[in-house]
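> Quick one: the structure is below, questions incoming.
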Amino acid sequence: LRQNSPTIASLYDVRSDNVNSTVSEQKGMIWAICLPSNCTDEDVKKVFNRIFGTESVRCQIKDDLSPPLTNGAIATIVVLAAFSGLFGSIHCDGSLFSTKTHCWLKFYDLILFLEPSNGILVAFSVLSNGRKLFRINKNSNELTCLNGIRFFSMLWVIIGHVFFMASESPVVNFIDFVEWTETLRSMAIVSGTMSVDSFLLLGGALLVYSYFKAKHQGLKFNIYQFYIHRYLRLTPALAALILVITTLAPYMGTGPLWDNVTTTLVKPCQRYWWTTLLYIQNYANEDFVLCLGHSWYLSVDMQLYIVSPLILIPLWRYSKIGVGVIITCIIVFIAVPFSIAYVTQIPALVTNLYALDSYMDYTRYYYIKTHARPAPWFIGLLLGYLLAKVKFQNGLKTLKLKKVAVIISWAVCITVTLTCVFGGHSTLTGPEFDLLGNTFYIGFVRPTWALCLAFVIFFCVTGNGVLSDLKKENILGPIDWFLSWPIYQVLNRFTYSVYLLHYPLLVMLAYSKKAGDYFDEMSAVYSFWGITMFSFGASILWVLAFESPVVAIEKFIFKATKKEITQLMLKDTIMKFFVSLQILQVLFLLHCADALSVESEVVQILQGVIQDGIVSPTCQEALQLYIQNLQSYLDQWAIRMLDATSKIPVGILSGNLGDYGQYRQCLNTESKNGAIKGKYCLGTLPYSNNVVGVGEDAVLQRISHIRKSIRSVIGLNTVQMNDNNFTEILQLTGMTRAICLPSNCSDEDFGQVFNRMFGAGSVKCQTKDDLSPSLTNSAIAAIVVLAVISALLVTSTAVDVYFQYKNVEPPHTILVAFSLLSNGRKLFRISQNTDELTCMNGIKCISMLWILIGHTFLMDSEAPLINFIDFLEWTQKLRSMIIVSGTMSVDSFLMMAGTLLVYTYFKARHYGVRFNIFHFYIHRYLRLTPALAALILVLTTLARYMGSGPLWENVNIVIAKPCERYWWTSLLYLQNYVNETYVLCIGHTWYLSVDMQLFFISPLILIPLWKYSKVGLGIIVTGIIAFIIVPFSIAYVTEIPTLPNNIYARDIRVNKKTKCSENMRLQYDFNVHSLLHFMLPTGCLKFKALVITSWALCITVILTCVYAAHNTLLSPEFDRLGNSFYIGFVRPTWALCLAFVIFACVTGNGGVINWLLSWPIYQVLNRYIYSMYLLHYPIMLMLAYSKKAGVYFDEMSSIYSFWGITMFTFCASTVWILTFESPIVIIEKIIFDTSPSVKKNQIEESKDRKDVGI
């Protein structure tokens, strides 16, 4: 490698020596060795030097995973414990109440709240502060469009940092990442640094606006409180984070790169914590080493805030002078960065690979300096002044533009905005340095961006973007409507804490990686949603601990009035993008030390293949060229193929049984004359030890040894498992190897080579042409259908906008049935309905999340894990039961389906609505089927075109082919009984068949229950008993295990026939809650002691249901009777406990639990449940099968993925609902149009039952 590094470096089309030298210093080649701990670090250095030629080594032993706590760490834990104590105990009127929330005295009749005699007593109350945190205010003077801009700017910051961290984490295809940074679409991420300017603009605008608002209300300006308020608003949360980072961060994870957390986060904060808390680190720190590197923006923001009174006071008293000063400052601070860029010759973008040596100059002289960045802030001051004139002085209140002016203005604004985002791309694609062009870009692009954003805000505020008053003058109202959703109010209260926390979390996640990641855009977006939800989750704690209490304390200290002078300006930043390129790491041909031995071994095998004539003549010729080029380096395509071929992977005894080579590298390999192209083949090795005889071939000897070694450790060396278990466990991962050879060889030729190289096995091959297969007739037909539906959406939306523009009702509802505008409004509307069982909204959402996280962990067994043994170990742990028991979420939905079915039926009969059984069935079928049918259409025809990867063929096997064969049983809801071999179309939708079948027979119970309640109750009780006995009997006869992850069971996966028969045992849930509604009188829970006892018993039984089966995972002994009792009784018991929770909440005995389950936001989220249920599993499968490298399993990564898939599915569900659900609801109402009273009831019934199907 050393001798040939100049030749090898030329493989990657690196265009300048400057790039070579700079990136080589930034991205080092990394090896790891494992030796006995008896060797000292010095001994290891000598061994490392002998093997790899360097002594740069850092060592760890198992004891290092749990280092002793330092004094600083102990002190921090004490401080955090004291804060926790403030949450747990507070004084109220001299009495001590031990609480988890507010000062509450009773658990009966909801909660009896007392007003504390002093606000300071509840400053740390989680309940009181939590209520404020999730409260949506309606204030006519609020600039609602700013909420959306702030929120999306924060998301832009996060996704930028996610892509930035790809250069810091171990990426196995770093060249692909570097190539991505030079594509045009990467500018959407790279330009995210302008989100800093968005926050500067918002900061300046809100500063002036809130100041003018206070003066307009007659409040006196107190400069002392002005500064103290700002410092107290920002500093406690920042100081707490610095405290945690400097003392506890080293204990928060482990990994080969974890020491970088100390280097990147801990040591800079130990040295420069004081400059950070004084907000001067962008000038004071030596070598520009920053504590919490992204927090440089807070220094910029605070420094501008300090000088702001010099602008605010003249602007209020002498507006013309103030405006003149602002305009002058804008011009000056455009000239300053222009001059800096011209003198220092810094690049336009920090990701410019041809100017990596200017990175420090870019940061030192421009990026973090206050004097180089304030132009957007001054533009914000001017915007705030204009908005204040509009709101408080009516100076521009009547500003209304004509239709043509509005359209032209928005068109210019959007064009200029896109130019700002993509305008710098030309500087990334060539080594020529355009000094003047770069200078103009740096000087003008950020002020121009801020000016466009100011235009958007101004137009929304002045009535040129208000949806509720959609007239001629404001045709683009949907923009303001979209940016003004009330939910942004809640989300923006987390923005500051999310800003503080997300980057340290990203750094720790990157440096805790124990294996390399494969970079692609989809994975990065997936990670973005994961870190976003992870950060928002952590920020809830941070806000409740360090933001909300400080606000309350500050109000107490300053006795603030309701009319406050200043307003919080939540800020954010995006760090500079720095891409480092490392040629040698990607070129490292082996995962062991001796490259030449593997090369010669491959050459020897291929020569034997050619001599024996077991491949076609064309393949023989190509293989001969391959050998010649491999030995001569005349053309580098051969060495690229060798590099992309699997080697013996590390961690085999930890379950790393699959090596997928370098998929993209193989397919993109091509000889200079184009005659030879790469062909990637993935093969699966058999697991029987007797399949391959051990001869002299070194490869075959190693494979045989691997098989024997795995057999000894697969059971964690503690138990003996039968051979069937061993084989089935191995089949969950697949012992796979990849080879890359010339595409001139056929698949049969590759099979022969694979057999000679690895001993045996079947192969599946792909070429570059397979990445873009030609469309089938069915795919074309599906595209046409989707195009027609898209046209309907666009046309209907345009018609809707037109009629709103004319301010008239459409002549017929069918014209706007597909309108994205009207349906989007309904989707996010929160209704007030006294008849609604609000607590069930929260239970549905939590149950859906339980399904998602359960399937996320399930997908870990489908993805190519490199530590499968660790995954098996995890499935045997007690905490895994939280995930494994997620199958009971099915029973939660069945119980709620039965409850809502009876509830809505009784409500309809109470209002005098006649029961129409035809409409009853049609409504249900139309509610569930269109969205399901659309998904089946897409999966059967288009799924194969939605991705690529070594395992992508599994998408066709698992998703497409079953639906091609059994689409009709899915749409008839019969597949849980009809399908042969129990191969299901969209496997998780078996539940829909169960639900529909139960719905179909429900009139047999509903009618007697209404007319003859005692008879109906008798039928229900009999049904419950019968369908407890059925699953008990099935379990006893078939001897199925209690849980599917029991590795001691005779079948590692639950027999599919039994699982589908399980649907019969689920029918008892249909009526559990219905029975409870009639058996318990509303006033039965009338005593506090009874309420507390009932809740305690309920929670105990729920936890027992979740964890009870864990003991069955720890022993190979099969308890037939115990398993049967578990299967027969645990799900009815779970449903009964959940029924109690709902009943207690509805009857006024739920207290804080009812409050948590009844948040209004659940109404919106519940409209997504059915589509999320349909979409999440196919999306998970496609993501798993699109993996191009092994994945390291740990719980934190899985939770991270869970949030990613949740948000990904949520976004996809928005499209699905607006396309296939909402229009059908309207069409159904049109078809079954009846009298007003009936129509009203149908609407209410639909509202209550539309999510019952899931």
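Note that Cβ sites are derived from N, Cα and C of the backbone, with glycine treated the same way.
Annotations in TrEMBL come from automatic prediction, not curation.
From TrEMBL, here are the annotated features:
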| type | residues | note |
| --- | --- | --- |
| DOMAIN | 616-767 | domain 'Nose resistant-to-fluoxetine protein N-terminal' |
| TRANSMEM | 68-87 | transmembrane segment |
| TRANSMEM | 107-127 | transmembrane segment |
| TRANSMEM | 148-167 | transmembrane segment |
| TRANSMEM | 231-252 | transmembrane segment |
| TRANSMEM | 296-316 | transmembrane segment |
| TRANSMEM | 448-470 | transmembrane segment |
| TRANSMEM | 490-511 | transmembrane segment |
| TRANSMEM | 531-553 | transmembrane segment |
| TRANSMEM | 925-946 | transmembrane segment |
| TRANSMEM | 990-1010 | transmembrane segment |
| TRANSMEM | 1089-1113 | transmembrane segment |
| TRANSMEM | 1168-1186 | transmembrane segment |
> Is it the case that the transmembrane segment (925-946) and the transmembrane segment (231-252) touch, counting contact as three or more CB pairs under 8 Å in which the residues of each pair are 6 or more positions apart?
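These two segments do not touch.
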> Give the one range among 68-87, 148-167, 1089-1113 whose Cβ atoms make the most pairs under 8 Å with those of the transmembrane segment (231-252).
68-87
> When you scan the chain for residues with a C-beta under 8 Å from the transmembrane segment (1168-1186), skipping those not six or more beyond its ends, what do you find?
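Beyond its ends, the transmembrane segment (1168-1186) has Cβ neighbours at 522, 526, 844-845, 848, 851-852, 855-856, 859, 862-863, 928, 931-932, 935, 939, 943, 946-949, 951-952, 954-955, 958-959, 986-989, 1205-1206, 1208-1210, 1212-1214, 1216-1217, 1220-1221, 1250-1251, 1253-1254.
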> Of the listed stretches (68-87, 296-316, 490-511, 531-553, 1089-1113), which one yields the highest count of Cβ-Cβ distances below 8 Å with the transmembrane segment (148-167)?
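Comparing 68-87, 296-316, 490-511, 531-553, 1089-1113 against the transmembrane segment (148-167), the winner is 490-511.
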> Does the transmembrane segment (490-511) reach the transmembrane segment (296-316) with at least 3 CB pairs under 8 A, where each pair is 6 or more residues apart?
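As far as Cβ distances go (cut-off 8 Å, pairs 6 or more apart), the transmembrane segment (490-511) and the transmembrane segment (296-316) do not touch.
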> Find the average pLDDT over the domain 'Nose resistant-to-fluoxetine protein N-terminal' (616-767) in the predicted model and report it.
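The predicted confidence over the domain 'Nose resistant-to-fluoxetine protein N-terminal' (616-767), as a mean pLDDT, is 71.
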